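Asker: Sharing the feature lines straight out of TrEMBL:
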BINDING   D:Thr17, D:Gly41, D:Cys42, D:Gly43, D:Thr44, D:Gly45, D:Asp62, D:Ala91  S-adenosyl-L-methionine binding site
DOMAIN    D:35-136  domain 'Methyltransferase'
Number of protein chains: 4
Amino acid sequence: MIQDHEFISFKEVPGPTKEEIRCLLLCKSEVSNEDIVVDIGCGTGGITTDFAKVAKKVISIDKNPNAIELTSKNIKKHGVFENVDLIENDAISALKSIENFDIVIIGGSGGDLDEILELVFSKLNKNGRIIVTGILIETKYVAIKKLKSLGLEPKVVEVTISRGNSIGLGTMMLAENPIAIISSKIK
Amino acid sequence: MIQDHEFISFKEVPGPTKEEIRCLLLCKSEVSNEDIVVDIGCGTGGITTDFAKVAKKVISIDKNPNAIELTSKNIKKHGVFENVDLIENDAISALKSIENFDIVIIGGSGGDLDEILELVFSKLNKNGRIIVTGILIETKYVAIKKLKSLGLEPKVVEVTISRGNSIGLGTMMLAENPIAIISSKIK
Amino acid sequence: MIQDHEFISFKEVPGPTKEEIRCLLLCKSEVSNEDIVVDIGCGTGGITTDFAKVAKKVISIDKNPNAIELTSKNIKKHGVFENVDLIENDAISALKSIENFDIVIIGGSGGDLDEILELVFSKLNKNGRIIVTGILIETKYVAIKKLKSLGLEPKVVEVTISRGNSIGLGTMMLAENPIAIISSKIK
Amino acid sequence: MIQDHEFISFKEVPGPTKEEIRCLLLCKSEVSNEDIVVDIGCGTGGITTDFAKVAKKVISIDKNPNAIELTSKNIKKHGVFENVDLIENDAISALKSIENFDIVIIGGSGGDLDEILELVFSKLNKNGRIIVTGILIETKYVAIKKLKSLGLEPKVVEVTISRGNSIGLGTMMLAENPIAIISSKIK
């Protein structure tokens with residue numbers, strides 16, 4: 001895995017999604033080289049970069065132009081720009097312009113999660129996978145409720161990571177903020 | 001409980017021990033108004049302040065003069081200075097000057113945990129309680145091993161707290177670093 | 001604190017609330033001997049027992065007759081039955097029969113959390129405190145949303161405890177399920 | 001990823017290592033199809049199975065004949081038996097019989113972690129990776145100390161996973177026990 005510090009970052013753009021979470025997203029999504037992946041709220045581009053190494057194509061969306069610029073820098077830095085499309089737009093508008101896809105990772109929804117999930121559900125290919133990452137209690141609630149109302153059975157894991165920091169006297173554990181991964185597969 | 005921001009703090013002095021941990025230390029120690037308490041590595045004075053509200057007497061030790069000054073300020077701010085003795089010295093030297101006591105809270109040991117625990121064990125009253133808080137893997141290991149070698153049965157809990165932070169879109173959970181509470185009672 | 005195994009328990013009744021969580025509830029509620037406390041969904045009676053040791057009076061409500069019987073046994077076992085009233089009823093009906101109170105701990109709501117919080121809010125004394133414990137994502141969401149809509153500023157902490165279990169080779173950490181404590185104070 | 005319930009399990013054999021941890025081990029080890037992997041304490045065979053899907057060869061060691069039988073069943077069930085060698089022996093003896101390798105995953109050490117790490121260190125190829133998983137405080141301490149004494153810089157992460165369980169009223173989070181992943185790369 002690319003380590004967190006190997007991504008270029010801007011102060012005003014969130015991310016990158018921590019190494020361990022990116023790793024779990026790769027596993028949970030079961031991404032293969034036949035998959036078209038949509039990354040909603042690509043931020044620093046950590047998820048885009050990792051998925052672009054495996055997937056057929058990644059379409060990355062962010063309404064923040066700084067995020068798009070940063071993702072562009074990071075995919076170039078890590079040599080995976082050829083199969084990435086960047087769209088600077090809000091998620092709803094951007095999704096309307098996309099035909100269909102196999103996997104969607106929703107990291108940022110700007111309050112439109114309900115509508116995004118409906119739209120995503122209508123455009124996913126057979127065996128499509130929807131993954132929502134949530135750091136807000138409200139995101140977890142809305143994602144679970146909406147996915148259930150779409151007839152899916154969301155699987156929820158909450159992940160808390162602490163990292164050892166070697167200080168003079170020993171190894172101090174420093175906590176990362178907890179993050180939920182909510183995943184569904186369309187049958 | 002006094003909230004964390006209600007303590008005066010200096011950048012170079014660790015603490016205060018988070019509200020929830022101070023609360024658990026009060027419970028685990030079963031402190032009453034008959035107890036003499038020793039707080040080793042008093043830092044900001046959070047634990048000293050809380051225990052001084054309940055205990056007969058608190059003896060607070062820190063080798064860092066800034067910590068002693070800060071603890072002094074905080075016990076005054078919270079009106080509990082009358083039953084607190086402050087000792088600016090390393091733990092070993094300070095403990096040698098103390099007769100006996102009922103409860104010891106060891107938050108900072110500067111690498112001398114083994115020797116501190118031996119000394120503490122020899123000075124504790126009947127029904128005495130030893131509580132070690134550890135943020136280092138090494139502290140946990142040494143405390144458990146030494147307490148067992150003294151014939152005690154240490155109880156270990158590791159506590160991870162996340163706090164909700166109300167941001168525009170919802171409630172974001174921010175993690176505090178994990179901390180272990182290792183407690184033993186002399187029978 | 002009373003340890004978890006010191007409570008009588010029935011398999012079909014949840015609880016007791018773990019020692020560390022009961023400890024935090026005592027601290028967060030700032031309970032004193034002048035307070036009337038309502039415990040909604042008293043289950044095994046762990047919270048009732050701890051609060052009855054400090055409060056003026058505890059009114060404990062559960063619609064499950066087994067829970068009421070079990071709480072009755074536990075308050076007797078721990079000698080705090082004199083200032084406890086037990087009500088076998090659903091929370092809404094029971095609350096309607098109570099005049100006013102200072103603290104409410106809501107551990108079980110059976111899906112009526114919105115209505116319970118409204119009713120509780122109308123009956124709390126000045127400086128009253130509302131505390132909701134949640135193990136469901138949905139409970140956390142509903143509690144935060146409703147408390148905000150009542151003009152309160154809920155504080156949220158999520159607590160994860162692991163306990164050391166001494167096995168042959170060392171100390172294995174066993175996790176308890178995470179629990180959220182959502183607390184509000186009426187000004 | 002193979003889900004935990006897709007492994008055959010015996011009550012008396014620990015494992016399988018949880019899905020999310022197996023996923024993180026694949027990422028942290030940077031396993032490729034050129035790597036020879038040694039799995040010490042293979043237990044149920046979860047790690048062996050996942051690594052055998054990617055690696056050139058996996059050598060799996062356990063002194064418990066039930067574990068070897070179970071791992072054998074699981075690699076067959078998941079179709080990856082061709083590149084797996086099973087050794088029923090203690091780790092020290094088994095390692096002595098192996099030439100060299102690229103990655104070692106140490107999940108069970110039976111108290112011999114120090115000696116195992118020394119032996120492993122002497123047999124690893126250039127760019128070799130050592131990964132220790134620890135559920136005991138003692139394992140974490142010994143692994144970190146020994147790896148440092150071998151001149152390595154161990155990276156430590158502690159992972160706590162909770163899983164959502166859909167019950168009538170909502171989504172209850174159930175905690176898995178915390179586990180540390182301690183990884184080192186030989187330069």
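Glycine is treated like the rest: Cβ placed from N, Cα and C.
How buried are these features, and what lies next to them?
Answerer: D:Gly43 (S-adenosyl-L-methionine binding site) falls within neither a helix nor a strand when secondary structure is assigned with DSSP, and so counts as coil.
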Asker: Work out the three-state DSSP category of D:Ala91 (S-adenosyl-L-methionine binding site).
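Answerer: Going by the DSSP assignment, D:Ala91 (S-adenosyl-L-methionine binding site) falls within a helical segment, counted as helix.
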Asker: Across the record's S-adenosyl-L-methionine-binding residues D:Thr17, D:Gly41, D:Cys42, D:Gly43, D:Thr44, D:Gly45, D:Asp62, D:Ala91, the largest CA-CA distance in angstrom?
Answerer: 19
Asker: What is the three-state DSSP composition of the domain 'Methyltransferase' (D:35-136), stated as helix, strand and coil residue counts?
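Answerer: So the counts come to 37 helix, 34 strand, 31 coil.
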Asker: Using all protein chains shown, find which of the binding-site residues D:Cys42, D:Ala91 scores highest when you count other CB atoms within 10 A of its CB.
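Answerer: Selected residue: D:Cys42.
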Asker: Pop the mean pLDDT for the domain 'Methyltransferase' (D:35-136) in here, whole number is fine.
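Answerer: That region's mean pLDDT is 96.
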Asker: Out of these binding-site residues, D:Gly41, D:Gly43, D:Gly45, which one has the fewest other C-beta atoms within 10 Å of its own C-beta?
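Answerer: Output over binding-site residues D:Gly41, D:Gly43, D:Gly45: least Cβ neighbours within 10 Å is D:Gly41.
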